[in-house]
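To keep things clear, I will list the structure first and then write my remarks on it.
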Amino acid sequence: MEKYVVVLAAGKGTRMKSKLYKVLHQVCGKAMVEHVVDAARAVKPSKIVTIVGHGAEDVEKVLAGKSEFVMQEEQLGTGHAVMQAEGQLAALEGATLVVTGDTPLFTSETFEKLFAYHEEEGNAATVLTAEAPDPFGYGRIIRDDQGNVLRIVEQKDGKPEELKVKEINTGVFCFDNQDLWAALKQVGNDNSQGEYYLTDVLEILRKAGKKVGAYKMPDFSESLGVNDRIALAEATRIMQRRINEGHMRDGVTFIDPATAYIDADVEIGNDTVIEGGVTIKVHTVIGSDCLITSGSRIVDSQIGNGVTVTSSTIEESIMEDNTDIGPNSHLRPKSLIKRGAHLGNFVEVKKAEIGENTKVGHLTYVGDATLGKDINVGCGVIFSNFDGVKKFHTTVGDKSFIGAGSTLVSPINVADHAFIAADSTITKDVGKYEMAIARGRQVNKKDYWHKLPLSEDEEWK
């Protein structure tokens, strides 16, 4: 059976009260509609068609290469939205799944089971349903004595006995493709909203003698539709729990899973420990045997094995195996920390390479620089890389020593085995085995104390 997917993503989402198109709001680092499309892609459909309207260009950018797109110029209901895909799908044989783009929690396993059930039962249409703890506001699934689906009753239209039903319509459907397009031609808009409803297709098919069924999924939470910021937060909470539990099953320790915020595309190796209050975003990859402590934030970075990140921020950078950073340090984009290097307290690195086993202890800024291996950088060292117009680069060779409080004014080259005395301002190259001292000579003035204004103060004698 050929599979096709239609994603409805044309609604504006006014209840979000946002300039951002609703389906582009993120849940754990991915737009809601991208979660839906990624789950659909996992069942290997022959074609995915996303119906776009408001913010079409932005949606197409997010889903580039993952879907075809059709514009719904005027939003006239779910049935009308599906009709827009006629040119892409109407001539094809197979089954078509229809899902909305604001339901980010559906899994590929649920979609796969829906397709399989639809095919096994020989249905013309299959509704994805769930048992709701509180079904208020949902369309109820009304079945006959044999369990066949008779109709979907909306909250406002239901009789008291019908509203007691807890099996609800999730808004996801699977149709025989040819039956779908034949029935859509019969859907009208004679209702209070003047819209074309996709649910009318079920009644049309049933009256035509076609089989209409329902597949009840076990996890009601998957069906959560996001229409406002409250639902967005709830979807994020559920997705975050799902992500963190997946990592824990793979051998990652979470000290407090409820406060560890891990994006959907993050990878973490086994025996790594994640403390509470940690944020890891985008496509970050973390190796095995690492420790990420509270207050750390890692964005789109590569972290090797055996790395310790202590309450620090890492952005678009690489830390190789057995390195450590922090507390309270910051790797800015395009930084490379090589194997065994140490970055201590309050160290900021920007677009720089720190060589193997090099130590940058504390209170230091390293920007636009390449440091070799086995270097010791003292406290308070500054790489002065900006003249107000352009950035300049400095290179420091292997096994050099940079004394505390020194400033290296770029561009300069410090050779291997060079020694820079503490509190020096270095503006020229330093050669191999040379020691550079660049500071004012100390002068001690004898008996100068008695010339001070405070010299007569008894407390100062």
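Sequential numbering from 1, following the chain as shown.
Each Cβ is built from the backbone N, Cα and C atoms, and glycine gets one as well.
These features come from Swiss-Prot:
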type: ACT_SITE; residues: HIS362; note: active site, proton acceptor
type: BINDING; residues: 8-11, LYS22, GLN72, 77-78, GLY139, GLU154, ASN169, ASN227, ARG332, LYS350, TYR365, ASN376; note: UDP-N-acetyl-alpha-D-glucosamine binding site
type: BINDING; residues: ASP102, ASN227; note: Mg(2+) binding site
type: BINDING; residues: ALA422, ARG439; note: acetyl-CoA binding site
type: REGION; residues: 1-229; note: region 'Pyrophosphorylase'
type: REGION; residues: 230-250; note: region 'Linker'
type: REGION; residues: 251-461; note: region 'N-acetyltransferase'
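The secondary structure of ASN169 (UDP-N-acetyl-alpha-D-glucosamine binding site), as reduced to three states from DSSP, is extended strand. Distance between Cα atoms for ARG439 (acetyl-CoA binding site) and ASP102 (Mg(2+) binding site): 64 Å, as a whole number. For the recorded positions listed here (LYS22, ARG332, HIS362, ARG439), the lowest count of other CB atoms within 10 A around the CB belongs to ARG439. Counting only residues at least six positions away in the same chain, the Cβ atoms of GLY13, ARG15, MET16, LYS22, ASP102 sit under 8 Å from the Cβ of ASN227 (Mg(2+) binding site).
Separation of the C-alpha atoms of ALA10 (UDP-N-acetyl-alpha-D-glucosamine binding site) and the residue listed as 'active site, proton acceptor': 52 Å, rounded to the nearest whole number.
With helix defined as DSSP H, G or I and strand as E or B, the region 'Linker' (230-250) counts 20 helix, 0 strand, 1 coil. A strand conformation is recorded for TYR365 (UDP-N-acetyl-alpha-D-glucosamine binding site) in the three-state DSSP classification.
Rounded to the nearest whole angstrom, the C-alpha distance between GLY139 (UDP-N-acetyl-alpha-D-glucosamine binding site) and ALA422 (acetyl-CoA binding site) is 75.
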